[in-house]
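Copied over from Swiss-Prot:
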- C581: active site, for beta-ketoacyl synthase activity (ACT_SITE)
- H717: active site, for beta-ketoacyl synthase activity (ACT_SITE)
- H761: active site, for beta-ketoacyl synthase activity (ACT_SITE)
- 1330-1650: region 'Product template (PT) domain' (REGION)
- 1334-1469: region 'N-terminal hotdog fold' (REGION)
- H1366: active site, proton acceptor (ACT_SITE)
- 1496-1645: region 'C-terminal hotdog fold' (REGION)
- D1556: active site, proton donor (ACT_SITE)
Amino acid sequence: MVTYTPPAEAQDLPTKLKVLYFSNEFPTDDLSTLLRRLHSHSKHSSHPILARFLSEATRVLRNEVSQLRMELGQLVPAFESVTTLAGETKLRKGPLAQSIDGVLLCVLQLGMYIGYASHPLWFFLHCELYPEDQATETNSVLTGLGVGILVSTAVSVSTSLDDAVTAGVEVLRIAFRLGVFVANVSHNLEDVDAEASDSWAYVVHGMTVDEAQKELDDIQAKERTPSASKIFVSAISETSVTVSGPPSRLKALFRNYASFRDRKFAHLPVYGGLCHAAHIYAREDAQAVVRAPSLPARYKPVVPVMSTSSGQPFLASSAAELFEQVIFEVLTKQIVWDNVIRGVAERVAKTDVHDVNIKVFRHSLPAQQLSTALTSAMTDLPVDADDLLAWVGTDVDHGQYSPGSSMQSKIAIVGMSCRMPGGATDTEKFWDLLEAGLDVHRRIPADRFDVDSHHDPTGKRMNTSHTAYGCFIDEPGLFDAPFFNMSPREAEQTDPMQRLAIVTAYEALERAGYVANRTPATNLNRIGTWYGQASDDYREVNTGQEISTYFIPGGCRAFGPGRINYFFKFAGPSFNCDTACSSSLATIQAACTALWAGDVDTVVAGGLNVLTNSDAFAGLCNGHFLTKTPNACKTWDCTADGYCRADGVGSIVMKRLDDALADNDNILGVIPAAATNHSANAVSITHPHAGHQSDLYRQVMARAGIDPLDVSYVEFHGTGTQAGDAEEMESITNVFAPIKGKRRTSKQPLHIGAVKANVGHGEAAAGVTALIKVLLMLQKGAIPPHVGIKTSINPGFPKDMERRNLHIPFETTAWSRTSEKKRIAVVNNFSAAGGNTTLVLEEGPVRDRLGSDPRPSHVFTVSAKSKISLKGNLQRLIAYLEKNEDVSMADLAYSLTARRYHHNHRVAATATDTSSLKQQLISKLDGVDSMKPMPTTGAPPVAFVFTGQGAADKSMNLQLYHHSPFFRSQLESLDRLGQQHGFPSFLPAVDGSYPKDHAWPPVITQVAHTSVEIALARYWETLGIKPEVVAGHSLGEYAAFVIAGVLSASDAIFLVGSRAQMLESLCTAGTHKMMAVKASRCEIEDAIKDLPYDLACVNGPKETVLSGTTEQMEAVSVPLKEKGYRVIFLDVPFAFHSAQTDPILDLFEETARKSVIFRPPTLPIVSPLLGRVVFDEKSLNAEYLRRATRGTVDFLSAMQNAQETSIVDKDTVWVEVGPHPVCVAFIKASFDPAPVTVGSFRRGEDNWTTLAAGLGQLHTAGLPVRWGEFHRPFEASLRLLDLPTYSWNEKNYWIQYRGDWALTKGNTFYDAEKGINRQAAAAPVSSLSTTTVQQIIEENFSGSSGKVVMQSDLMQPDLLAAAHGHKMNNCGVVTSSIHGDIVYTLGEYLYKKLIPMAKTVHANITDLKVTKGLVAQSNTKVPQYFRVTATTADIHAGAADFVWENVANDGTVSEPFATCRVVYGDADHWLSSWSPLAHLVQGRIETLERLAAEGIANRFSHKMAYTLFGNNLVEYADKYRGMQAVVMHEFEAFADVTLKHVSGGGSYTVPPYFIDSVAHLAGFIMNVSDASDTANTFCVTPGWDSMRFARPLVPGQRYRSYVKMIPTDDDPSVYLGDVYVFQDKVIMGMVGGIQFRRYPRILMNRFFAAPDSSIAKSYAAAGGAGPAVSAPAPAPPVSPPKPAVVEAALQANPSASTPASTPAPAAVTAAPAVNSDSTSGKALVLIANEAGLEQSDLTDDAAFANLGVDSLMSLVIAEKFREELGIVVAGSLFLEYPTIGALRSWLEEYYS
């Protein structure tokens, strides 16, 4: 016992030694509670340093996680604070357990230390650790164990608590990397289930280190344990030792040997891998973990850190050196805690210490041992201890929270998309109209409301708009409903704002290169949506007319962003905000605030406005908001009198700038600050206030840290109102262009602009519209011209703009990026409700490419959700390549693969240059229709097959080793294992150091082969390609066993190397050979009779390998060659699977039995030795390896057994893992059809080229390739390209506002007007009246524009007779020729009204589209009205548009059913243009004449022609029967026509029967030709491209018509042709591009039934009878309630309503038996027959869309249901019940 006596001179100066002990274990308290309380304290005003530490720790950990390969990174859930990870139990038991626990221990101990040292009572702690004079030795020491000693280094190098934050997060980074590194190395020693809690260390009590070491040496020598797998002593104390090693070997040690089993022992909670292992790790490993720390040079060790091995302080001169020494000790040195105790005691003895204070994080055994030892060694020395965790238990004063600044990070905008007025369907078109200085206002389009009835410039009519103008998106109803999993019904009822929001969100994300969960910032849990919207027009007006299923989810605002979150699976918040005109920018500011606060990491934000409600126009007019003149906003004009309303939809994607840079995003612009305030002191709520606006600018500029004079552009709110413009100009000039005080220099010009002058005021979308404009300005380097000043500038604006250096750009002005200063802009957006929002925007940083991409070949992918879109995407990419021939192929591949969503219709191409790529894409475009989409059942299974020896060059140059850090680290780790086992390094054999024919000893060749395959398999797994079954060929089995978990990588390398050494020492190279024979086993036996040989391998039906002595093989080869079999001698030194290996078998088996551990396989293994699939652990052992060395490799039988047991099938994708694809040929030969096979490497080909081709195949097969991992090594050198966006398969989903109820609304104002209108209806507007144009009910003419509306009653006798003269299905049908006469009549009337001097009008009827037949009703006593509207904006443009609508008897107008355009022309010009064609057509007519004479073509008389026509489709009245004779061959014919004299029968401009007579030859061909299936189909025309006659059609005159109908490429059921009409061998008329579509004859009743008949009504009740000329498009399923017709059927048949007693089964893979007597059974048989399916195809999970049941087939089957089963259903039945199972269940429920 040493008695401690303080030195006499020290009595007056008591000195205390402070010892801080950092444990390697968590305290026994609940860790989550401790960290939660630590986090809570960090919010207190007294702990700003703690708050910064936790914030920085979170940031650093996120950064480290982002560097992990994807399969590991995705294990870490999204986290707002590192402290929350303590509760992630699954994470802390998984592969990253040691890394995460190391981080949490760092956070806990450093956080508690910082918090303790910051506390008012103990603030001096940290200062006391350090001497005031750095030359003086400190009276403090730092100790610790494991990660704890690493934590202590942060304290050692920090002279302040602020320094401790910086050093602490660096230590946290190292701790995380240490855990990952140790886990990776340990994984090669033993692949342990991370959740199995198998320990890598046991403590043994009562055993000395010498005893333990002797026992271990003896045991492991006897077992021949490979050196890398040996158990070793890792820690020593006086009473115990700790032994460490692979868990399975530790278990065996304590199970099998009494010297350990019989002592007291316990396993330690060490689950992450091995440390303190000098035989495993080296100095360079420590350097790899530490790398280059980012600490400044001033960080140096000040407080000594005691080595846990030597007990002496580490001697380091810098922080980096200290970190490296500590990590090296943790990895390689034994823990000898007694040495630490001794070292501290020595320090006490050497210094003038009066007492010792030990600081601990809760009391622990090592700290207690230290205290006890000091007390025992030195009597009378006071030793006390403080708990640094005690303070965290104190209550937090919630009144003194100080959350700190949330405005530290700038916000990057990384993607944008828009739909703007003026046809701006993308940002490029938007820029084009801005740059061109366009004002895109126009009259309110008809799809919104009838502007004429809802507009009154006098303002006298109630509820009308004073203006008829606005700025509008073209066809806002266009939408790709199936893409977004919406049915047509849901799409139609969903607000177009919501639809365009999700479309532009997708496009913005696509342009941002967004891929879900690719990086921490794109974690789905951390993404939210924010959209501004200020109206609900579509819900209030359009869908409100007939409220249905989707009225609420389709119309309520919250569902817009909610739908985006739901579709993309974003789990962050979704907000819809309304602040009136500032909605979008205020919402974007709110989204920025969420980013600044850390609530989310990625944001999709924007604004929405689509105008359909006339009320808003009326209300704004009455509130004096809107301009009365036809223009967009007259911003800054002296006559500005209000704004012009506008549509607008814009979406942007935002991230924090550091996240965007880390994600390698394109940064379109950066937001340093944004803010909102309110004009509280304005004279009225809607009036702006310059003072408050100026305050806002100063606030936001201060927040951004930017001088207002450095702003070079301001985007005004600029609505074009006198008050608003003047106030905003005043506020802007006061702050950004002042005349007093500091002013702008000549080099600081300020330009201003306002986008509303171009596209109007988008209201809720105005802010995002302005923001996108400025983003485009930054992108294009230009400021577009301002077009708002129509007359002269607002006189209230400053007269000294020049002195202020303030400029309005009246032409495009350069605004280029310079190196001198940033371009900075301000965007304003104000609210009519008083809010002001301002956002500062600056250009993004310039980023340099780091490194280069050496890959010579790249893979390019294109995908879509439909074939139409796939074609469009391919076409867009081809067009892009044509415009950008010098595009970087590496960038293009990266952008198309790693930065895009991948859908189920896929193509992939591998190319080295744009020309080659373009040709491949063109080729693939041609084959899209024949491509099969990915299966809906998910990705196909993957099998890895590992190549045997002999496939590679003797020396390899693996490009993957040089350029893939992961692959290289794997190979180097495996190479080190080999060296630890005593084998030479194999790296020179694979790194290209030697020529490819340089031979190596077998031990190097075979270890290299196995190691390359293990590393390659793991590389495939990082790319997302994971096997479900493995197979190995010969030597390849060892790598297969590693991947299947049977052997550790260490054991496999040991076995392969040992076997090779045995071959070298016990066998003679070159005495035996192996010979491949292109013949079957039986053929070989027949050919060589009794000659001796060994059957080495049976690889395929015709692939066999023999082995034997050299003499035997040469002898055997002779008869085989004589038989014509191909023979190849393999270049291998030893003949495996032959008698040559006999000398090594016993020794090898014994070595395998004693030295390695076999574990149960985690994957099925296809065993070529056993010829079957192995699942159990008993089959794979040392004896198996012996037999595999000598026995036959029966690869063929193994493959056949795998197929028979369904382990693999035709869908299995095979990846050959090896140096050259050999086995895939055997696999293809074993399967019919051949499966998809992919090689990894190929001799003579760059690795990247082979991998690119293989990944393309795997991608198109449907596997989820992790493209980000593939590009990761080169990402710093790659850039995201701004490629064309998705090509939508759009249809117009729109509910038209009908009538004028928005005006009347129950008021009495319009009662009198209605009476006047009724009187006016009785008195026609015009005297014009013909049979087809019976009454002009409205006409308006203004200058050169005009509108004429006619209404006719189909029941009028002459018109009804004309319809009945064209009977189909016994119904009178208005033929296209009647439509033609209407157009000729109205077209001439309109033209002459506007150009009264015109004498002759020649009209070309173009683009006629009839979407639904107009069929005469059967009740002739009730009117059947239809209406045609003709309009022209400018008659001098030579065109007018026509629209047909049905009109109900109550005046309700239905949706248009036909449209066309008239183009006025010159008859003489037409004649001259046709003249060159006449002889060509005449030549065809002469050919038909000759064919008729030869009996090849058919000749029909007048009567025969019309009899056949009537029998097959159309029964024509006599006056229509103008064809006198017809000659026809297949789809080509001519007819001689004489137009009939008809007396009476009505008045016409061009009689319909004249038009029909010369044109219906096309219909005759399609419905009579023997080339058509007229028995089962009929053909009708939906219209034509052009119809014109240069001369009048005259009764009694003779004409000749000719036409040839040709099927279209896109749809073989649609035919096109040009009808030429001759008079005297001159072409005088033509019907160009007349179209006929073929339909099943069964649909005749559905298409052509009198609208008041019972059958038509039943179709209407079932969902509509479908259009006459087109059918609904397929769409995704919905689950609506039972159809109304079914309800009626059930009421009529009560027994049918009884539900089936057994519910329909769940989806199964096999088709259930069909009960053909049941209704459901009959229905399925009917479906199978109609669709040409087998009963086996009708599995419950089979989707009708995948079975080829398209919209047309749906109509046919629905008709069959009605006819054969008596079930009336809609054609949409298969959308509502999209699978066989769903339909079966429905039928059984309602019809069983």
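Just so you know, the numbers here start at 1 and follow the chain as drawn.
In case you wondered, yes, glycine gets a Cβ from its N, Cα and C as well.
Recorded residues H761 (active site, for beta-ketoacyl synthase activity) and D1556 (active site, proton donor) have their alpha carbons 50 Å apart, per Cα-Cα distance. When the active-site residues H717, H761, H1366 are compared by the number of other C-beta atoms lying within 10 angstroms of their own C-beta, H1366 comes out lowest.
Within 10 Å of the Cβ of D1556 (active site, proton donor) there are 26 other Cβ atoms, across all protein chains.
Under the three-state DSSP scheme, the residue listed as 'active site, proton donor' falls in the helix class.
Per DSSP, the secondary structure of the region 'N-terminal hotdog fold' (1334-1469) breaks down as 33 helix, 57 strand, 46 coil. Take the CB of C581 (active site, for beta-ketoacyl synthase activity) and look out to 10 A: across all protein chains shown you find 31 other CB atoms.
Each residue in the region 'Product template (PT) domain' (1330-1650) has a pLDDT score, and their mean in this model is 93.
Nearest by CA distance to C581 (active site, for beta-ketoacyl synthase activity), out of the active-site residues H717, H1366, D1556, is H717. D1556 (active site, proton donor) sits 59 Å from H717 (active site, for beta-ketoacyl synthase activity), taking the C-alpha atoms as the reference points. Note: the CA-CA distance between H717 (active site, for beta-ketoacyl synthase activity) and H1366 (active site, proton acceptor) rounds to 61 Å.
The secondary structure of H717 (active site, for beta-ketoacyl synthase activity), as reduced to three states from DSSP, is coil rather than helix or strand.
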